[in-house]
Structure formats: C-alpha cells, structure tokens
Amino acid sequence: ATMLRFLGPLLCLWALRLPARTGAVGRGLDVASYRERVRAMFYHAYEHYLESAFPYDELRPLTCDGQDTWGSFSLTLIDALDTLLILGNVSEFQRVVNVLQEGVDFDIDVNASVFETNIRVIGGLLSAHLLSRKAGVEVEAGWPCSGPLLRMAEEAARKLLPAFQTPTGMPYGTVNLLHGVNLGETPVTCTAGIGTFIVEFATLSHLTGDPVFEDVARKALKALWKNRSDIGLVGNHIDVVTAKWVAQDAGIGAGVDSYFEYLVKGAILLQDKELMSMFLEYNKAIKNYTKFDDWYLWVQMYKGTVSMPVFQSLEAYWPGLQSLIGDVDNAMRTFLNYYTVWKQFGGLPEFYNIPQGYTVDKREGYPLRPELIESAMYLYRATRDPILLELGRDAVESIEKISKVDCGFATIKDLRDHRLDNRMESFFLAETVKYLYLLFDPDNFIHNDGSDFDVVVTPYGECVLNAGGYIFNTEAHPIDPAALHCCRKRKEEQWEVEDLMREFYSQKKTKKFTLKRAPDHGEGENAKDLKDASSEKAGEKRNSKKSSHSLLSCPSQSFNSKLAVLGQVFLDNT
C-alpha cells in the first residue's frame, strides 16, 4: 500500500495514455543507427561548448566563442546535465555536478528573465538533483529532501520571489538577482511568463517543506484563470498590476503556450483535479474559436474573430500535450499538418501563413526548436506509428545538413536559403537532442513503465523513486513525480503521530503508556545520520525565514521591443 501511494502519479500518467497501436518500426528505418547519430550530434555540440564557450551561457558556433544570454549561469551546462544521464554518461554527469557547485553563483547583479531562469536553471537543477543517485553521485544523508543541487535550485527560486509581489499575484517578467524588481520595471508580462511555474515551484515546496513556492505559482495560475474572457480565452500579454489585457490575441503559441502545458502537467504531477478542470475548460474554448481543419489560428480573445491565420513553430508542442490527456486521434491529425510544413522547408519556420502556405516576412528562421520532435516522442509512445520515427529521421538529416558547422550547430536564420546565425541556444542540448534520442531509444530508463523502481529511506520513511512517469518541464527536464511524496508525511499520518505524542505525554506521569519500536529498516548509524540531516534541514528552514526581499526592479527589454518580436505579424495585413 505504501508503494502504491508513491506510485500514484505514475499510474495516473499511464492511465491517461491510450493503448499503443501496433506498427512496423519506422518502415525499415534503422532506429539504432539514428540513435547513435543523435548521440554524436550531442557530443559535437557539447564538446565545442566546453572547449570554446564555457563558462558563458551559450556557444556561438560560427565564431567558436561564447556569450551570456539569460543571466551568466553557464546555462548550457545546466541545461545539458540530465541529457548526459539519458545518454548514459554518468562520469561526465558527476563531473558537471561538481563544476556547478563550485562555479555557479546567483548572488550577482544581473537582470534575469523570471520565466527562463525558472524553466532552464531551476528545472535543470531539480531534475539533476532527483537523478543524482541514479547517476552514481554520492548523495548526502536525507536525500532527496536535501542536497547541494536542491539548495542551489532553492536559492535561485528565492531570487525570483520578489517578482511575485504584485497586487494580482502575477509576476513581473524580469528581476535583478541582487536587488529585486526596479521601480521602473514594466508591469506587462506574457501569459506564459505568469503561468509556467507550478511544476518547478511545487516540486521545490514538496522537497524543501517550504510552501511559499507552490503558493505563489498557484496564485499566478488562478489570477490568469480569473481574468479569462467571457468566451473562455486568455490573451497574450497582461498588466500584472492592473490585470488589464494589453495584447488580446488568443492562441496556443508564443506568449501563451506553456501556461496550458503546465495546467496539464501540474495536474498530473500533483494529482490536482482543479488544474485539469481548468485546462479542459480552456480546451473547449480553444476548439470552439481557434481550431480550423486541425490547424489552430489566433483570434481576438473577447470576440473570437480571427486576427492571425498563422501557425507558429512554438505551437508544435500541442499534439504532445493532447496525447497526455488521451486525445491521440486529434493530436495525430494536427501533428501531420505541422509535419507537412517541416517537409516543405526542412524545419519549422517561426511563423507560417496558413492560407498562403509560406513563411511570414522576417519570421523565416528555425533556431533548432524541439516542439515538433517533442510531440513525435509523446505520440510514438502512445501509438508506435512509424511516421513519427520518420519525422525524427528527417530532423536528424535536416539539422546535420543545414545547421552543423565546425564548432557545433547554428541557428538557421532563414529556411529558404539556409543562411545561419551565430547562436546555439541551450535548449538544443536540453530539449531537441534529448527528445530525438528518446524517440529512438525505446528502452531508456525515462520510459520505465513502473516495473522497476528504487526504494530509498528518508527522514520521513521509505520512498519509491525512479519508477517512471517522469513529468518533463517545458525545457524537457524530467521530474520524478514520486519524489514529491518523499519529504513529508501525509497529514493524516502527522495527526496520528501528534495524537500518539499527546497520549504519551498525558500518561507519562503515571507510566502507563509505552511506545512500541517500529520495525528495523536499516537503523543505527544510518538512521542517526538521517535524523541529524533532518534537524539540520529544520535549522536551514528557520534561518531562511529571516531573509527578506525588497520590492525593487530592474530595466528590461521594453514592452514595445517585446511586441516587436511578434508585432510584425500582429500588424501585417498581408
């Protein structure tokens, strides 16, 4: 019964999947060969990052040097860490864990994206923390409820908390890691930048015992829900102080995407019916107003009238998300639409005009995004349809042919003529390569069906880990849902203990009460270490409460510049 409780999220995730359909493996496609080619892609990029760019955030593959982009965290190293383990490289995983502990500092005067820091840094550190024991790292007593990577993730998350100190509970988009949020900071944030915290922050709260992280993430989610339109849609950008929608285009793509993703994944991770109910209501409105012939358009959030007949590459996550709620047939039809665009260009342009069947001006690039490959991976697990392996094959061929250079893989600036840009985003190693590898590696531990698992002892009792059912955050960092049950007693158990203790102290004077010793589960020195670790953790929590965060701000990209990223298409009548 104890193990079933820990395996609950895993069983839920598998219950959401439809039975796999039989099918030929890739219509003669050599899966093992492509898996090894993906492995070689990873190391070509990773080794050149280490040689030419570390400790900067990202590799510049055309000039063989590095640049800081999202905050000077050696970001590619954090983002690539769990991919190393998925590829089976435990020795490099162990080395990088030590490097990060020694070299990453969050107490710096840097303006950081709240959204990107959460999904890349906090997500990457949490995933690596939970995978450390599997990777052969010598974990400390009390793990997974304590550990250096968990402490780093908590430190980074605390740096983001001042952004949530708004009248609505919706966070600012940028925070200074040293000073907080500047008084001049724009209050306008995109919807995804508000609703993409529950996976990482709830995991943090469950592992550390501090509810503040999950609380602020839930408050932000509910604020968006409260401010949806009468027809059930949300816009693209909102003022986090006044809750007024600034950009009123509703869709499933850029600026909105991972909000919907985290309602589903948060529901699975936390077994939360309310979150799933919210998503299903949104899903009805999305189908009613934005779906046309298995494409999803952009519409005005209050009226439902079409504002942009455009497919954005970021929308390609949607079929994978549909598969998680069991809507596989609709997911496959939409996936095949998106796959036709890939075949047309050898990649997904950032924006694609659906009626014209061509790219949108100044949005012709492909920065090696993972979303279509991500959906292929999910759908292949659900259907075994060989066409999904063919997408993987095409992705490997295209990326190697167009994007590979001497020092790594370069962003494709224009899919029409294959011009390149001098950037390799960290998500290439965190997501694109990872999802490709998992597509071609059906026996990877990530795909565990619950038949294999580990039982670990924590200060709170026995705990089941590594049973599968991993929840990927939006940067493809896998979170073990069973871990959320490791670091606290269930409330009813806590009440039982409190009742026993009250009875003990009330009867102690008369010496009529005795406590029976629990069965031995490897006690002795190990148990003493665990108790010491528990006491130390409690001390850390008490000390952490003494710290305070000022509501300051920092200059960031102005809202006008943010709109300029999307604005050409919003305003383009052609």
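Residue numbers in this text run from 1 along the chain shown.
Placement of Cβ uses the backbone N, Cα and C atoms for every residue, glycine included.
Nobody curates TrEMBL annotations by hand; they come from automatic prediction.
Residues or ranges marked as signal peptide by TrEMBL: 1-24. TrEMBL lists GLU116, GLU350 with the feature active site, proton donor. Among the features that TrEMBL reports, active site is placed at ASP257, GLU371. Under the heading Ca(2+) binding site, TrEMBL lists THR474. The compositional bias 'Basic and acidic residues' annotation in TrEMBL covers 517-542.
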Nearest of the recorded positions (ASP257, GLU350, THR474) to GLU116 (active site, proton donor), judged by Cα-Cα distance:
THR474
Roughly how many Å separate the Cα of GLU350 (active site, proton donor) from that of ASP257 (active site), to the nearest whole number?
14
Which has the fewest other CB atoms in a 10 Å radius around its CB: GLU116, ASP257, GLU350, the listed active-site residues?
GLU116
Please work out the number of neighbouring Cβ atoms within 10 Å of the Cβ of THR474 (Ca(2+) binding site), leaving out its own Cβ.
25
Between GLU371 (active site) and ASP257 (active site), how far is it from one CA atom to the other, in Å?
11
List the Cα distance (Å, whole number) between ASP257 (active site) and the residue listed as 'Ca(2+) binding site'.
10
Counting across all protein chains present, how many other Cβ atoms fall within 10 Å of the Cβ of GLU371 (active site)?
24
